[in-house]
Amino acid sequence: MPKRLDINTILVIGSGPIVIGQAAEFDYSGTQACQSLREEGYKVILVNSNPATIMTDTATADKVYIEPLTLEFVSRIIRKERPDAILPTLGGQTGLNMAVELAKSGILEECGVEILGTKLSAIEQAEDRDLFRTLMQELNEPIPSSTIIHTLEEAHEFVKEIGYPVIVRPAFTMGGTGGGICSNEEELIEIVSGGLKHSPVTQCLLEKSIAGCKEIEYEVMRDSNDNAIVVCNMENIDPVGVHTGDSIVVAPSQTLSDREYQMLRNTSLRIIRALGIEGGCNVQLALDPHSFQYYVIEVNPRVSRSSALASKATGYPIAKLAAKIAVGLTLDEIINPVTQKTYACFEPALDYVVSKIPRWPFDKFESANRTLGTQMKATGEVMSIGRNLEQSLLKAVRSLELGVYHLELEHLKELDKETMKKRIIKADDERLFIVAEAIRQGVTKEEINEWCEMDFFFLQKVENIVNMEREVKANVGNMEVLQTAKEMGFSDHYVAAAWNKTEREIYDMRKESNITPVYKMVDTCAAEFESATPYYYSTYGDENESVRTDRKSVVVLGSGPIRIGQGVEFDYATVHSVWAIKEAGYEAIIVNNNPETVSTDFSISDKLYFEPLTIEDVMHIIDLEKPEGVIVQFGGQTAINLAAKLEEHGVKILGTSLEDLDRAEDRDKFEAALTQLGIPQPVGKTATTVEQAVAIAEEIGYPVLVRPSYVLGGRAMEIVYRQEELLHYMKNAVKVHAEHPVLIDRYMVGKEIEVDAISDGENVFIPGIMEHIERAGVHSGDSIGVYPPQSLSEKLKEQIIEHTIALGKGLNIVGLLNIQFVVFKDQVYVIEVNPRASRTVPFLSKITGVPMANVATKVILGQDLVEQGYGTGYHPEEKEVYVKAPVFSFAKLRSVDTTLGPEMKSTGEVMGKDLTLEKALYKGLVASGINIPTHGSVIITVADKDKEEAMEIAKRFHEIGYNLLATAGTAQSLAEQNIPVQVVNKIDSEDYNLLDIIRQGKAQFVINTLTKGKQPARDGFRIRRESVENGVACLTSLDTTRAILRVLESMTFSAHSMKEITQTKRHEVVHA
């Protein structure tokens, strides 16, 4: 059936900010879909709130709206643009929920808009647990015995009937939000209460736990002619019970017999047909390892995290084809873009093994509960490809960016058998490493299988790796053993340690003995047809399929998995850099390992290598390609950290030299440079011992800011107010020694300013200056940023511009630089300089229209700023106000403190833009998920040091009609200022207390600042967590609170009696 001609304009709904459960995979799928629809001649309008993505570039769609994804704003866009149809299935759960909300509000009917891809009835049948259960029963498809509940009482009734354990799955949520496995009444009460709150329809499915079954996923496609295919099937190494986003996954499935494979394939196709989905769909199934009994777990009637993985694993571009199917094209009409010969109705075939390992944020959140269950906790993932499972797994392990090069962790060697058993049964982020350790210590595969029901096939593969370790250790210098180890995926780093040599020595030994990898192509058809895609993975074998061309080439290093501190912003910069390299006439080669991102779409670069970002893996590519050089500026800290080792190997680092990178990162060299340039900075020194640290802090004076050198995302940074806190930090947060010094700075309570600039060594161009709402001390990634600055005097702005130009030239920067300043007592100080792309590059590029990564790349390749039409100086400011607001995933991470500080905690960001600061803030806050009601109650419990400041805030809340609630201490201070307040009991009170108010939804805001000391700190933590669990906005910075007040005040009409007005006027006369 040819494409539809009765529709012209299509509104695509994006997925909004990156949160746990919904990450960069939707930037990839959304970008693909918009391009795919435009190829077919449709006018595409995009709405998304996330400025950090390629998807929200103006070139992606005919019109791009960066606006909150709420009913209010999307309805406005529909009324203004009058699209013929909307496509919500590429915007993740956000897109689906938005479609349902729009349909129910009546706007779609009012404006004559139809839903493409997945019909509303199919969305509801798949997402509403009750309707889905009914459909499965009609199809005679087995599902675990279950019930739908809307109250806690109903949950208790069901458990009486079938007993524990039970799984709770809230309706219309993603990433398992609010769900979990309950083994007793206490867990049931906690998880069901939370699940009902998180479900927008207050509905949960309670089902008998089938934990321990194999978890299998099928990624299926169907068109309007009822052609349906399986694109890829995947198997979770972790059995049912761990969310698939937190599971280690392999593709294709490894342990299914043909009968099992066909049985589950038929079920998946039967389900997509019954739902009538036109496009992509993900079916999750559980299979009893001891029989042919299977269960349908759930269906995602949309493009998902798994479809991004399936696309990259097979090369089959699911989102691109799903968009074409949505407008009426059929699988037998669409050419497969990979082979450019076969049609899209051919099911992909794989002649390799793909492994995906999640990347968790536990290195950031030491206190988080690491146990894995049905609620997702990973922020991102890595993927690797190999010719055997061992090779594929070990390549994935070293892609994780945890400084780990093998399936072993030093700290696990101390574990006794009982501890290992507990952790393997319970499942946490280190389970696979613990399984390997258990096998090293002689625990049998049978015992491990009994503990966690992991399939013997996977346990055998881990045992093969452990046996190979023994071979390597027993045969030092044996090249045959080395060849076998490399075929199994062992790294030079591991072999070097086992043979007591350096990594470089092993590398040289291999080259001499000709033990080097070859590169194979990902072609969707197991080499049955000739393929046109330059998409490669390394393995050890005979024939190399990646042929070097005669063109000059440049290698760009990507940023690896999405994690806190290094998000999709760096992928954005990487993609723009690749485009600029191509425009400049070079061959662009990209190395990256993140299956979710646009940069690993094979159509972006001239060559894509899906490989770990380690020195060994990158050097193999450089040895083959012999590029002009490597660009490390756009891959975040991942790429910067490889610069020195690459240079040791004789590789040319393009852009800012290694020496100058080091001058910006090394504390003493940086201080010397600033002194030479005459630029002030907060007093600070470097400590290499605990005693030194104590002496420096005494000399500078508390409070001080302490942090390790060379970090991204403020890892292990803290503001310390007295010596006990400093000693606690030195003992727990860092291992200080000569090679890893700790930086100690005077902490200045001032306004923080952030600047991004581009330098060619001679000229320095500044696209934008941003002002942070939160004062210095809150990480820049967690602050609300405002452009253009709203409260900077011209004099201060000039100082900032002068310092930026001096730093760009003085540090010999070639490419991008990001500078953070603090304004303290009308003086500008430099806090830090990052000689690389920062997380604000996409935001400022979109606002100013200066394609920063593109311009910087051309500078790096030798085209100076003047040639490109830019010179030295500050880009004219825009008239509108733009706000960048952070988005957090605290609801997914139990026991993480939500207090903001110098350590970054946000996972994503949104943008709000309008004519005034208040309106832009309103949009930014609403887009980030903060509800802003014009009236209600606010709970105020603040630290003593903040009481004075909190008085003015409380007064303003009272002025606009808010009811104030406070515990005794704060209430007394308020009463002394004649501010009406209602006293509430502290949380340790047996009577109705502060936590009860939060749980019952009787407060709209909670203002709580961090109090140091044991009990108050614990109380504050419980108040903050309770707020998150109950969806109440908890404000831990008084600056953020002031910003929200500005918005509330701008929305509220004043209500003063005439007497108050005349008194105010009389008061003014007296003062005059």
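Using N, Cα and C of the backbone, Cβ positions are placed for all residues, glycine too.
According to Swiss-Prot, the protein carries these features:
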- ARG129, ARG169, GLY175, GLY176, LYS208, ILE210, GLU215, GLY241, VAL242, HIS243, GLN284, GLU298: ATP 1 binding site (BINDING)
- GLN284, GLU298: Mg(2+) 1 binding site (BINDING)
- GLN284, GLU298: Mn(2+) 1 binding site (BINDING)
- GLU298, ASN300: Mg(2+) 2 binding site (BINDING)
- GLU298, ASN300: Mn(2+) 2 binding site (BINDING)
- ARG707, ARG746, GLU752, GLY777, VAL778, HIS779, SER780, GLN820, GLU832: ATP 2 binding site (BINDING)
- GLN820, GLU832: Mn(2+) 3 binding site (BINDING)
- GLN820, GLU832: Mg(2+) 3 binding site (BINDING)
- GLU832, ASN834: Mg(2+) 4 binding site (BINDING)
- GLU832, ASN834: Mn(2+) 4 binding site (BINDING)
- 133-327: domain 'ATP-grasp 1' (DOMAIN)
- 671-861: domain 'ATP-grasp 2' (DOMAIN)
- 930-1072: domain 'MGS-like' (DOMAIN)
- 1-401: region 'Carboxyphosphate synthetic domain' (REGION)
- 402-546: region 'Oligomerization domain' (REGION)
- 547-929: region 'Carbamoyl phosphate synthetic domain' (REGION)
- 930-1072: region 'Allosteric domain' (REGION)
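Locations of recorded Swiss-Prot features on the structure.
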residue : record                : CB count, 10 Å
ARG129  : ATP 1 binding site    : 24
LYS208  : ATP 1 binding site    : 20
GLU215  : ATP 1 binding site    : 24
VAL242  : ATP 1 binding site    : 26
GLN284  : ATP 1 binding site    : 21
ASN300  : Mg(2+) 2 binding site : 25
VAL778  : ATP 2 binding site    : 27
SER780  : ATP 2 binding site    : 25
GLN820  : Mn(2+) 3 binding site : 19
ASN834  : Mg(2+) 4 binding site : 21
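Within the region 'Oligomerization domain' (402-546), the DSSP-based counts of helix, strand and coil residues read 77 helix, 11 strand, 57 coil. Spatially, by CA atoms, the binding-site residues ARG129, GLN284, GLU298, ARG707, GLN820 include one closest to ASN834 (Mg(2+) 4 binding site), and that is GLN820.
When the binding-site residues ASN300, ARG707, GLU752, VAL778 are compared by Cα distance to GLN284 (ATP 1 binding site), the shortest distance belongs to ASN300.
Within the set of binding-site residues VAL242, GLU298, GLN820, the entry lying nearest in space to GLU752 (ATP 2 binding site) is GLN820 (CA atoms). When the region 'Allosteric domain' (930-1072) is classified with DSSP, helix, strand and coil residues number 75 helix, 20 strand, 48 coil. Looking only at the binding-site residues GLU298, GLU752, GLU832, the densest Cβ neighbourhood within 10 Å occurs at GLU752. Measuring Cα to Cα from GLN820 (Mn(2+) 3 binding site), the binding-site residues that fall within 10 Å are SER780, GLU832, out of GLY175, GLU298, ARG707, SER780, GLU832. If you measure from the Cα atom of VAL778 (ATP 2 binding site) to that of GLU298 (Mg(2+) 1 binding site), you get 40 Å.
Comparing ARG129 (ATP 1 binding site) with GLU832 (ATP 2 binding site), their Cα atoms are 51 Å apart once rounded. When secondary structure is read from DSSP and collapsed to three states, GLY175 (ATP 1 binding site) falls in the coil class. Set side by side, the binding-site residues GLY175, ARG707 differ in how many other CB atoms lie within 10 angstroms of their CB, and the most is found at GLY175. Note: the Cα of SER780 (ATP 2 binding site) and the Cα of LYS208 (ATP 1 binding site) are spaced 45 Å from each other.
Under DSSP, SER780 (ATP 2 binding site) is assigned to a helix (H, G or I) in the three-state scheme.
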